[in-house]
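Database features (Swiss-Prot):
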type	residues	note
BINDING	53-54, GLN131, 177-179, GLU197, ARG202, 243-244, 264-268, 274-275, TYR323, GLY493	NAD(+) binding site
ACT_SITE	CYS411	active site
Amino acid sequence: MTDNNKYRDVEIRAPRGNKLTAKSWLTEAPLRMLMNNLDPQVAENPKELVVYGGIGRAARNWACYDKIVETLTRLEDDETLLVQSGKPVGVFKTHSNAPRVLIANSNLVPHWANWEHFNELDAKGLAMYGQMTAGSWIYIGSQGIVQGTYETFVEAGRQHYGGSLKGKWVLTAGLGGMGGAQPLAATLAGACSLNIECQQSRIDFRLETRYVDEQATDLDDALARIAKYTAEGKAISIALHGNAAEILPELVKRGVRPDMVTDQTSAHDPLNGYLPAGWTWEQYRDRAQTEPAAVVKAAKQSMAVHVQAMLDFQKQGIPTFDYGNNIRQMAKEEGVANAFDFPGFVPAYIRPLFCRGVGPFRWAALSGEAEDIYKTDAKVKELIPDDAHLHRWLDMARERISFQGLPARICWVGLGLRAKLGLAFNEMVRSGELSAPVVIGRDHLDSGSVSSPNRETEAMRDGSDAVSDWPLLNALLNTAGGATWVSLHHGGGVGMGFSQHSGMVIVCDGTDEAAERIARVLTNDPGTGVMRHADAGYDIAIDCAKEQGLDLPMITG
């Protein structure tokens, strides 16, 4: 048992430069990335260890955080630290090519895999919600989801508006760690956006980091700005302080017609992440402690109203989609029988990318030097010279995205290219072109690392939406391949009982041994995504597997 204190008035920042505080870069890297997750420029509520996504934490409590830091500092390169729901529980002798850290967060036996049981365990200090990259120490701020959101909006523009979103506007809500990416992604895709958020502090943070351009004073002002900017063909993002469950029905009532509707509130967690209509945030937080069941009920009732408004927009022929927060499920449980009439974003727009192992490849400069990221940007362009779409993304990212914490970059690439880039980055460290090692990781939202029937694996061709062997195999293979740290989580994105997913991070320290590990891991990891989709019968994935020489006994053998 440990002290369950989750609050500490402290500011944490990862060390910079090339001086070690641990015994090697293989242990320095997870140490810095853990600290980076709690950097006040990165985390949503770092003093309570909350990184993003409602209550997604980096460590179970402050005593556990202290002990993780202490253990990583002394860990040898033939030892592995085991972390159980944010608590360091053991160090065991392994070998130099094994992961230095293995993490399991929020996992529950299926019958008990619900918020009620999890919240009981959390209150007792026995569990921690790791979200996806919070408890796996590879969150890089809102940039981590910007490109995926951008790709979604661009593809929606191709499907519905002839390839251009100029003069169009997106209606959405939520400006937290994930939702905060939406306004910038819409702007980069060429659209205006109206972004509803119930916490002023989150709007302030997105304005400060240039993820949102302006704040409207009220709904009338917001609509006037939208009308002006769309008429001028400008892509400007507007924040509006308010509650989506109140504002969306009002927009329907007024006959307002957005060009696209989605949502990224923290609806996955009704107790901690979704403000009921008519409530203040202070009331919500206080009553969550004293009347949790009533709070959950009120939040889900508001979600039902919110989703009904989204359905009303869809009935008007407006492209409407779920952005992976499980709000449709919550509404269905509150009596909205047709909540799933509008699709999730993955089957609607992203799955063809997943079939080729393309997903949110990301890296961070442990040096803390922005120039190291700019050099890697140039290397990506050099090694992938003919992808104009990717080059445009990198140019826009450099111009518009503010680094949060350690400088980092997100770049959606797939099987073949990930290993190529990783080996090139490792060589840049070896030659001294980069001033310190880099880490390469990804979101758990990737092609082969998640089972989530209401999000990434919704409407799989063969009906295998809920089969969760795939992320388990992904984690096992990345462990065998020698990733520097590997994580296996439950409940990220869509909440308890609705997802299982795995993550990996690998260090490029410039050594020959690192190159061997990089070649294995960055081939195998996206390879499992191609495998998973080929197994489900997707022709794009089957063709990719054959082109890339994957050995899939039932398909290519």
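From the backbone N, Cα and C atoms, a Cβ is placed for every residue, glycine too.
Structural mapping of features recorded in Swiss-Prot.
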| residue | record | Cβ within 10 Å |
| --- | --- | --- |
| GLY53 | NAD(+) binding site | 29 |
| GLY177 | NAD(+) binding site | 30 |
| GLU197 | NAD(+) binding site | 29 |
| ALA244 | NAD(+) binding site | 30 |
| SER266 | NAD(+) binding site | 26 |
| TYR274 | NAD(+) binding site | 30 |
| CYS411 | active site | 20 |
| GLY493 | NAD(+) binding site | 26 |
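In the three-state DSSP scheme, ALA244 (NAD(+) binding site) falls into the helix class.
For the recorded site, the residue listed as 'active site', the DSSP three-state label reads strand.
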